[in-house]
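Noted in Swiss-Prot for the protein shown:
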- 33-52: DNA-binding region (DNA_BIND)
- 113-144: coiled coil (COILED)
- 9-70: domain 'HTH tetR-type' (DOMAIN)
Amino acid sequence: MAEKESTKRNRREEILQALAQMLESSDGSQRITTAKLAANVGVSEAALYRHFPSKTRMFDSLIEFIEDSLTTRINLILQDEKETFNRLRLILLLILGFAERNPGLTRIMTGHALMFEQDRLQDRINQLFERIESQLRQVLREHKLRDGKGFQHDETLLASQLLAFCEGMLSRFIRSEFRYRPTQEFDTRWPLLAAQLN
């Protein structure tokens, strides 16, 4: 019984990896059908549906992986790092680095791969980015409590500016067919961003 569950889990992971790889390839710029995915995995469409009730559930699983990966690591950054600008820099670098290592998933993060899918998938991605923006805002607010001085501009505006930078870099990555890496020249860009905060 345990072996059967392990095989099923491995097949599920294989299907999700194939979907992520297809999103990374030229197929990712078009709608991915279950027929194409099944052919890529080397199984029938019926076999896909034994592991996932729908393509939406496959995307749900990939979004869950994105959410878990980012939120877990952001929480570790917040736990381990206390200096405001280092926290912000590490969170942005985390998002950009994750996207760079997972180009197919970046198409999901930007919503590009979800254009032809159910609206609730895009809603999940929107909620993820809203949570990240909220965490950035909280880091900025804690700076005022910790150091006794705030920023010249409202924390909400600053948090949205930082997140907009990330989203812009992810969009550029997709638009360039993954030529322009999101972390490219980050060490030069970060001081410019940090200067805007003061």
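Each Cβ is built from the backbone N, Cα and C atoms, and glycine gets one as well.
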Across the domain 'HTH tetR-type' (9-70), average pLDDT on the 0 to 100 scale: 90
Tally of residues which DSSP labels helix, strand or coil - the DNA-binding region (33-52): 15 helix, 0 strand, 5 coil
